[in-house]
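**Q** Take a look at the following structure, please.
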Amino acid sequence: MPRALWTAWVWAVIILSMEGASHQASSLSCDPTGVCDGHSRSLNSIPSGLTDGVKSLDLSNNEITYVSNRDLQRCVNLKTLRLGANEIHTVEEDSFFHLRNLEYLDLSYNRLSNLSSSWFRSLYALKFLNLLGNVYKTLGETSLFSHLPNLRTLKVGNSNSFTEIHEKDFTGLIFLEELEISAQNLQIYVPKSLKSIQNISHLILHLKQPVLLVDILVDIVSSLDCLELRDTNLHTFHFSEASISEMNTSVKKLIFRNVQFTDESFVEVVKLFNYVSGILEVEFDDCTHDGIGDFRALSLDRIRHLGNVETLTIRKLHIPQFFLFHDLSSIYPLTGKVKRVTIESSKVFLVPCLLSQHLKSLEYLDLSENLMSEETLKNSACKDAWPFLQTLVLRQNRLKSLEKTGELLLTLKNLNNLDISKNNFLSMPETCQWPGKMKQLNLSSTRIHSLTQCLPQTLEILDVSNNNLDSFSLILPQLKELYISRNKLKTLPDASFLPVLSVMRISGNIINTFSKEQLDSFPQLKALEAGGNNFICSCDFLSFTQGQQALARVLVDWPDGYRCDAPSHVRGQRVQDARLSLSECHRAAVVSAVCCALFLLLLLTGVLCHRFHGLWYMKMMWAWLQAKRKPRKAPRRDLCYDAFVSYSEQDSYWVENLMVQELEHFNPPFKLCLHKRDFVPGKWIIDNIIDSIEKSRKTIFVLSENFVRSEWCKYELDFSHFRLFDENNDAAILILLEPIDKKAIPQRFCKLRKIMNTKTYLEWPTDETQQEAFWLNLRAAIRS
C-alpha cells in the first residue's frame, strides 16, 4: 500500500510539472520577427524551448526566482532581455555567456544581493544595463563593467541597502550617455570612484543627504555635461569654494528634481553657479523651498550674477510659507544675463515691475499654468520691462479680455511670439492693439466663436485650434502657417484671404470634401493636415485623392487620417482604399444606357409582338380573363339559342340562305344566334361574342379560308378555345365549308389544328345528293 501511494505521488508530480511547462510555453507569445512577450503572466521560471529565433524577450513583472546557465543558452541572437520586477535572487555564473549579441539587459527590481562580473564578461555588444532596485550593498568585489566597452546607459543602486561606492566599481567605463546611481543611504564614497569615466553626458544621482555630494562633484565636474540631482534634502548643503575653484569644469546643465531647499542652501547653490562657470542651464522640477526668501541676510547681495546661466526653468515649485515670503528684491541684480525663463505650475500671479526691468537680456518667458490676470499683467509688463523679450507664453492663466491683453503688451516693442492659449476669452472684439512686430499668435482652446479684424495683420503663424469656429474669412496677407484643427469648419478657407499660406492644419472639423481646384488656389501650400474630418467619398473626391500621386507629399497625415463617412457601404474605410460602383460614379451614362436598352427592348418586343401576333395574344388573354369572371356554364334557363354560328362575312350567303332556312324553318325549328341580327347594339363586340356563346347550347364554326382570315372569327374561335374546348365537352361543331390546308391555319390556332386532327367535323358536300344527309347530321349534332 505505501508503495502504491508513493507511485501515485510521483506520477502526480510529473503530471503537474508537465502541465506547468505546457502552461509556461503557452504563456509566451512570439511574433514572426522574433519578439516574444511574456510579461505579467505569473511565470515562476524562464520558459523552456527558447531558440535562436528569439531576438527580444520580455519576462518582466513575473515571479521568476532563478536564472540557470541552460535557460538562455540557445538564444544566441537575443538582443533585448527584460527580467525586471521579478523575484530573482540567483543568477548562475554562465547564464548570459551565449548572449554575445545582447544589447539591452534589464535586471532591475529583483532580489539580487550579490553581483558577479562573470555575468557580463561575454556581453561585448551590451549598450543598456539596468541593475536598479536590487538588495546588494556594493557593486561586487571586482570591477563589474570592465568587459562592456560599448555600454552607454548604466543604472545601479537602490534606495535602502546600497551604501558604498569604491574606486574599482566603474573601472573600464570610458564613455556613458547616461549613468543613474540610486544611493539614498550612501555612506561611503571613495574619492576618484567616478573619475575613471572620462565622459558622462547625463548623470542622475539619487541622494537623500548632500554629505558626499561635493566629493562626487569634484570627481565628475570635468567630465560631465548634465548633472541631475533627485530626491535630495539640501537643508544642510554647504558649498566649499576651494574644492573646485581651480578645476576645469564641463558641466553645462544642472537639474534638481524633487529636491528640498532652505534659504541658506539656495544661496549655496547660487554660489555653485558662479564657480562652475560652464553651467548654462538650470532646472528645478517639483522642488520645495522651505524658507521665506530672506536672502539679503545671507549675504546674497555679494554675489554679482548667476555665472553664465542663460536658461532657468522652474516647474511645480512648492513654497509652504508662501504668505511670509519676501519680495525677492535681493535676487534682482543676479538676473541680468538670463535669456530664457520658464516658470510653470507654480502659482505665479505677479512678476514685479522692478524684476521685469532687471531682466534686460530676457528673450523668452514662459509663465504657463499660473494665475496671471490682466490686472497683474499690467504691473509685470510695465514701462521698460523685458526690453528684448521676443517670446511670451501665458498659456492657461486667468486672462479674460483679448482687447485688454493686447493693450497691456504694447510696451514690449520686440515681442513677436505670443501664446495666450487655454485662457477663457470667449469672444473677440472687432479691433485690438498689438505690439508692432507680432508674427506668431496662439489662441487655441480659448473658446472663441468667431474671428475678427482684432488679429494683427503682421501675423505669419496663427493657431486657433480647438475653438468653436465655423468659418474663416479674415484677410491675413502675411500668414504662412494656419492651425485651425478641432473646430466646426465645413470647408477650407478662401485662398484669396491667405495668399502666401504654406502650412495648414485643419483636421478634426466637419469638412466633407475638398477639390483639386481648392488646393491649387493655394500656390505656396506645402503641407496640409486635413484628416479626422467626415469625408463624403464621392466619385469626384475619390478620383482626385486617389489619382494624384503628388498629393501624398502635401497631405502630412495621408492616408490613415482620411476616412470615409459616406456613403454608408464605405464608412470607416480609408479614402485611399474606398471604391464606388460604376452606377454611382457615372449615373448619367448608366441611366442613358439603361434608357437605350429599354428602348431597344421595347422596340424588339414590338417587332416580336408584330411577328408572332403578341398583341393578338394579349387581346385574347383579356377576353379570357373577362370570360373567367363569368360562370363556367350558364344555367339552363339562361340558354336562349340552340347554336351560335361563327362564320366569315364572305360566307354569309351560305349561312343566311341555306343554313338558316334548313334549321330555323325545320319542324321543330332551331333557334340560331347570328351576329348580324342578334348582337346587342352599342355593346362591345367581344362581350357580344362571349354572351352569345354562353347563351347557346352549341357553337357552330363555319370553317373556310375566309374564316381563317377573318379577325372576328379569330376572336370567336379563340374564345371557344379558352372557354369551351378547355371544358372537354362537345359544345363546338365544326363545319368545313371548303377544303382548308392545315398549314394555312396560323400556329396560334393550335387547338383548332389539334381538333381537326382528332375530332370528326362536318364537311359541306358539293354534290347535291349528299347535302340532305349533311343537314340531317348537323341537326343531330345540335340536338346532342
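Using the three backbone atoms N, Cα and C, a Cβ is placed for every residue, glycine included.
From Swiss-Prot, for reference:
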type	residues	note
CROSSLNK	Lys754	ubiquitin cross-link
DOMAIN	639-782	domain 'TIR'
CARBOHYD	Asn114	N-linked glycosylation site
CARBOHYD	Asn199	N-linked glycosylation site
CARBOHYD	Asn248	N-linked glycosylation site
CARBOHYD	Asn442	N-linked glycosylation site
REPEAT	78-101	repeat 'LRR 2'
REPEAT	126-150	repeat 'LRR 4'
REPEAT	224-250	repeat 'LRR 8'
REPEAT	251-278	repeat 'LRR 9'
REPEAT	279-308	repeat 'LRR 10'
REPEAT	309-337	repeat 'LRR 11'
REPEAT	338-361	repeat 'LRR 12'
REPEAT	362-388	repeat 'LRR 13'
REPEAT	415-437	repeat 'LRR 15'
REPEAT	458-478	repeat 'LRR 17'
REPEAT	479-500	repeat 'LRR 18'
REPEAT	501-524	repeat 'LRR 19'
SITE	Phe349	site 'Interaction with bacterial lipopeptide'
TOPO_DOM	21-587	topological domain 'Extracellular'
TRANSMEM	588-608	transmembrane segment
**Q** Cα-Cα separation of Asn199 (N-linked glycosylation site) and Asn114 (N-linked glycosylation site), in Å?
**A** 28
**Q** To the nearest whole angstrom, state the Cα distance for the pair Phe349 (site 'Interaction with bacterial lipopeptide') and Asn442 (N-linked glycosylation site).
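**A** Pair distance, Cα basis, whole Å: 21 Å.
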**Q** Hey, which bits of the same chain come close to the repeat 'LRR 17' (458-478), Cβ under 8 Å, at least six residues off its ends?
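**A** Here the qualifying positions are 421, 436-452, 484-490, 493-494, 497-500, 505.
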**Q** How many helix, strand and coil residues does the repeat 'LRR 11' (309-337) contain under DSSP?
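**A** Across the repeat 'LRR 11' (309-337), the residues distribute as 10 helix, 6 strand, 13 coil.
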**Q** Please give the sequence-distant neighbours of the repeat 'LRR 12' (338-361): residues at least 6 beyond its ends with Cβ less than 8 Å from one of its Cβ atoms.
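**A** 306, 309-317, 322, 327-329, 332, 367-373, 376, 379-382, 384-389.
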**Q** So how many other Cβ atoms are close to Asn199 (N-linked glycosylation site), meaning within 10 Å of its Cβ?
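**A** The answer is 14.
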**Q** Counting every protein chain present, what is the number of Cβ atoms, excluding its own, within 10 Å of the Cβ of Asn442 (N-linked glycosylation site)?
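**A** Looking across every protein chain shown, the total is 21.
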**Q** Note down the number of other Cβ atoms within 10 Å of the Cβ of Asn114 (N-linked glycosylation site), including every protein chain shown.
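**A** Its Cβ shell of radius 10 Å holds 14 other Cβ atoms.
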**Q** Within 10 Å of the Cβ of Phe349 (site 'Interaction with bacterial lipopeptide'), how many other Cβ atoms can be counted across all chains shown?
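**A** Excluding its own Cβ, Phe349 (site 'Interaction with bacterial lipopeptide') sees 15 Cβ atoms within 10 Å.
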**Q** If I take the alpha carbons of Asn442 (N-linked glycosylation site) and Asn114 (N-linked glycosylation site), what is the distance between them in whole Å?
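**A** Here the two Cα atoms lie 56 Å apart.
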